[in-house]
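Going by Swiss-Prot, these are the annotated features:
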- C71, C73, C86, C89: Zn(2+) 1 binding site (BINDING)
- D462, D464, D466: Mg(2+) binding site (BINDING)
- C811, C885, C892, C895: Zn(2+) 2 binding site (BINDING)
Amino acid sequence: MNQEVMNLFNPQAPAQTFDSIRISIASPEKILSWSYGEIKKPETINYRTFKPERDGLFCARIFGPIKDYECLCGKYKRMKYKGIICEKCGVEVTLSRVRRERMGHIELAAPVAHIWFLKSLPSRIGTLLDMTLKDIERVLYFENYIVTEPGLTSLKEHQLLSEEEYMIAVDEFGEDQFTALIGAEAIYELLASMELEKIAADLRVDLAETTSDLKQKKLMKRLKIVENFLESGNRPEWMIMKIVPVIPPDLRPLVPLDGGRFATSDLNDLYRRVINRNNRLKRLIELRAPGIIIRNEKRMLQEAVDALFDNGRRGRVITGANKRPLKSLSDMLKGKQGRFRQNLLGKRVDYSGRSVIVTGPELKLHQCGLPKKMALELFKPFIYARLDAKGYSSTVKQAKKLVEKERPEVWDILDEVIREHPVLLNRAPTLHRLGIQAFEPTLIEGKAIQLHPLVCTAFNADFDGDQMAVHVPLSLEAQLEARVLMMSTNNILHPANGAPIIVPSQDMVLGLYYLSIVAEKEPGEGMIFADMGELQHALENKVVTLHTKIKSRFKTVDAEGNPVSKIYDTTPGRMIMGELLPKNVNVPFDICNQEMTKKNISKMIDHVYRHCGQKETVIFCDRIMQLGFAHACRAGISFGKDDMVIPESKAKIVAETEALTTEYEQQYNDGLITQGEKYNKVVDAWGKATDKITEEMMARLKAVEFDPVTGRQKQMNSVYMMSHSGARGSVNQMRQLGGMRGLMAKPSGEIIETPIISNFKEGLTVNEYFNSTHGARKGLADTALKTANSGYLTRRLVDVAQDAIISEVDCGAEIGLTMQPIVDAGQIVASIGQRVLGRTALDPILHPVTGEVIVEAGRMIEEKDVEIIEKAGIQSIRIRSALTCETRDGVCAKCYGRDLARGTPVNQGEAVGVIAAQSIGEPGTQLTMRTFHLGGTAQVVDSSYLEASYEGTVKLRNRNVVRNSDGNLVVMGRNMAVLILDATGKERAVHRVTYGSRLFVDEGDTVKRGQRIAEWDPYTRPIMTEVEGYVEFEDLVDGLSVSETADESTGITKRVVIDWRSTPRGSDLKPAMVIKDKAGKILKLSKGGDARFLLSVESILSVEPGAHVKAGDVIARLPMESAKTKDITGGLPRVAELFEARRPKDHAIIAEIDGTVRFGRDYKNKRRIIIEPNDDTIEPVEYLIPKGKPFHLQDGDVIEKGEYILDGNPAPHDILAIKGVEALASYLVNEIQEVYRLQGVLINDKHIEVIVRQMLQKVEITESGDTGYIPGDHVDRIELEEINERLIEEGKKPGSGNPVLLGITKASLQTPSFISAASFQETTRVLTEAAVAGKMDTLQGLKENVIVGRLIPAGTGGMTNQIRRIATARDELIIDERRKTSGSAEANAMLVDMTNNAAE
């Protein structure tokens, strides 16, 4: 009862709890049941009285009163008449809020088709009737009749008749012998008369009988829709509407503007058109107007309803008075401005403010400075409450006055209110979760928010005018979450890679670096100090400087916590820093007794965090920040133009390179090299020159100089200090200031041959300046475009991964991934330790020598284990992965491993999918914003040699080499590798060497680190002979397949293979070179094939017919693409391409089986390759390869499954089909990582794995068994496994399927939740599909729950849901028990009441 009294003034319906939402097609009865009355007039409101017109679009009688508890004519006012219907104006006396809820309807005089089911492809009506969309439209828009009942005539059912044909048929057969209808009535009749069960049975029979793929697809599509209708209980004829619902008037408001005009929602215009046409049609029917006029009116009615539902989907767009298209109901839902994304997924919130940020170096890490004015406004309700409680005011009005006058007691109360009440700070764009963090406010004067310098990295903030928003968490729960989970002190590590993100940068780094410098010959060198006190004394009296080499005792503690001390060689500066280290046995002085570059500082903070915990780390960070600032200020480091040193040898290096380029120019003129080769060599030469000048410059800057008078060391070069410490600037930028700017790129990505020889200190010539504007402009244009692209990528990633949540502790999976170190060009880019840290071991990890267990199976690999693993030199470890996790909804904690942002095993309910998406998307934006910082300077990425990365013994895997006529060893194998073994015979490095490389070592040789192993020409790919003999040409016909091209500038000719398929005469040619012996017999190769070498287009012939060649000699060469600059520009689209699982343009062709290569008959302009399997039970596989693609296999080559037949980027689908899930995972992870690694961005593999897991959720049914699926259906992998288990138990036939890889957009749209899919993309299509199938959304993921306004099932929300579930289950158990024991109804009733109350 007391609830009623409480809610007297604002009665609200109790919120209904629900577990799922269903969408289906509304039947006419349903629409009528929603409606409160029919709308008969198109009028809206009376322009004089501003009162709604009766029976109009805003009618108060239908939709409810305009003012609370007041009828329209004013006869009944106030609460006491609640629920009475006024007899004069017919308005119910109730809240005006019902105008947001009550719907009306329009009775249509003729049925119309619902445009969504008609035009949304595939057209549901069309598929169901098995007619084309064109035909249906002809009927609907009154062009053709359709036969619904042929009777005994020769007409067929569904036959279309034009007006004339219809008349002829009527004359011929008589009007009552058959029925043919026109318009939506016809379609309605056809749909209503469908017997779905019978059609479904017929389709199944047809499916079983048909053999053609196309027909099967068509039948399957139709069967699916028929089954959807059967299962959902929707009727097909409901897709034709006889009644149109009208949405509540407050959702399509009409607002009077000053000056007697009105602003109205577009929907009112659209509804008005429908009502006008409908009323006109009714009148015409009453008047018995001629058929043609009625038909025209019906067609116009259909168009009006179409425009109301989806304007512009069919015909021309209906525009308003200002030529702007009207927003239809579909447009209200669609896109960024639609209902889903604008109002449901993101809302504007109150209790927020924004202001400019300034730095607050005296704040603690958990604090922020909040301007008093802002705090007063934000915390108003709290202040009012406190003023009331303390008796300063008795009403809100008084409190308001006090606050407005800013009385002194208000400020005291504000202090109390703010104490311990965290606020959230957010900087847009919020690219990852660290873009919103909680701080404790401290009140400050002024109008700018103060931000702690150490959190700037996380927010990506700087103080050049950035603004930030402040939000106040109101409820106790929100304050608790802000404090416990979002406080800046809890976000020390980066969620993407687990490294500290609270790291000093810029000035702080410079200060700490300056503090840690050691200088020679400083005063007091070699002195010994007992403790910090003495040292401080000496410093103050200038006996020593910060950089003097000294010995000093450093005090720390041992494992029991007793003080111990040890003497170190160090400097006073480093001792000052050492004093700040937490006293802990695991934190030795050594970690700050070194040059404090940014990397080392980061390592130091990481070390302190791992060993001393969060609290100590936060205090330590604050202290080193203050120390850094203090000493950066004291040191006074700055630089002038003379600090940019131009190396003396610059002129000499430039002159030498210019001489080289002249020489290449000459070689080109003499015809020794091609234009392309010349270009590559010139670019190469200038690249090397730039590097050389840079090296010289850096050497000059690094050099230590001594003052001849005092003998003391001069201060280091300031610019070098800034760059080397990692505070600001890079070698690249210094090179442009003091070396030479180097090569520039054109906007197309090619490199301009003439470099910029000057640097910024000397100044550029006009030509150089012009050349360099190219790259700079491209950078600026790219930035603008790519920010959007990167944001879109993040959005797709979040959408596909949003429901990957940690939902259980251990799924018990017995499969996983194999981790190996990543080696790139012989360098280890990611060690095995880095890759397995924080992952769960799948099998026990054993020491390779002693065999002892380092990590047991199922335990997480920690830092200490990694050290042992790296020392033991283990090369391959099996770990658990999210990709192979067997949890039904979400991922299990064991498969995921460590929560990188906390450094502990991941908690249940953590939204790992969203974290993964943010970790991958955030650097994308960063990188795209940073392209132009290089000023468009080109970096050539091409290697042409291989150096040993370790000492050891050489072993050649798949050895296949010959000595050529120059006496060099040449690699003849396609898949040969050079292995370097250490003393114990373990592989330390594996280098792939390409076909045609020159080898400098052979099996069993020992190599030193850095020794050259092999080299090759990166710009051409050679074709070499394996046997000695005489060359003969086959099918190399002048003018057809070979042309002598003379270079315009030199007149030298070279013979090049041209595209022989372009002429009809050349279509059967197979240009090749054969090697014969003296007798003219074709020689055999080692593998048994003939020594015939097929040539592809653009090959340059290197020998003449009849020439004598030795094994390993080059007989032709194929030029490669010239060097393009690598830049994340290639990177971001590449990442998107991989995640979208698109087939690359010229994708590689991969062998599906092991076998021998044979050449088959060529087909048009394709070359046919057949692989004959080694195993006779398998069929041979054929591939068609476009002629003229560089192709390196020869007849008779042995090929293994998974090897490339044609080079290029492989299509991920092929890898999945041929090599399986694990190979696909490692390919995608490595490719994506490579893009980010190039930019120096660290992302943990597990994030990419989580996304790939979401892409691999579905299987395509191949054998349906008794599952009830149709072959070709995409089904959830785990769902299929569950169904199969059930079928096997029942003794039925299980189904089977192959895993399919879906791109992230496709995977997002295929989620089981239609709400989530609709809010992502293609809203109309998703909703149409869901409505036909009567889909149920069980609200499992995050987005669905945000949209319906519930706590998300992750984090604290996940726990709340879990507790609720447990409670409900427990209640049900108790009720059941009671029912069994006491049969008395009263006891039951009482108990039910009790549980209901408890639930409420």
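Heads up, the Cβ atoms here are built off N, Cα and C, so glycines get one too.
Shown on the structure are the features that Swiss-Prot records.
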{"residue": "C73", "record": "Zn(2+) 1 binding site", "Cβ contacts under 8 Å, 6 or more apart": "C86, K88, C89, V91"}
{"residue": "D462", "record": "Mg(2+) binding site", "Cβ contacts under 8 Å, 6 or more apart": "C456"}
{"residue": "D464", "record": "Mg(2+) binding site", "Cβ contacts under 8 Å, 6 or more apart": "none"}
{"residue": "D466", "record": "Mg(2+) binding site", "Cβ contacts under 8 Å, 6 or more apart": "V356, I357, R427"}
{"residue": "C811", "record": "Zn(2+) 2 binding site", "Cβ contacts under 8 Å, 6 or more apart": "C885, E886, T887, C892, K894, C895"}
What are the non-local neighbours of C71 (Zn(2+) 1 binding site), defined as same-chain residues 6+ apart in sequence with CB under 8 A from its CB?
A60, P65, K77, C86, K88, C89, V91, E92, V93
Within 8 Å of the Cβ centre of C71, C73, C86, C89, which other residues of the chain have their Cβ, at the recorded Zn(2+) 1 site?
L72, G74, K75, Y76, E87, K88, G90, V91
Around the C-beta of C885 (Zn(2+) 2 binding site), how many further C-beta atoms are within 10 angstroms, looking at every protein chain?
26
For C86, C89, C892, C895, listed as binding-site residues, tell me which one has the smallest number of other Cβ atoms within 10 Å.
C89
Quick one: which residues besides D462, D464, D466 have a Cβ within 8 Å of the Mg(2+) site's Cβ centroid, in sequence order?
I357, A461, F463, G465
What three-state secondary structure does DSSP assign to C895 (Zn(2+) 2 binding site)?
helix
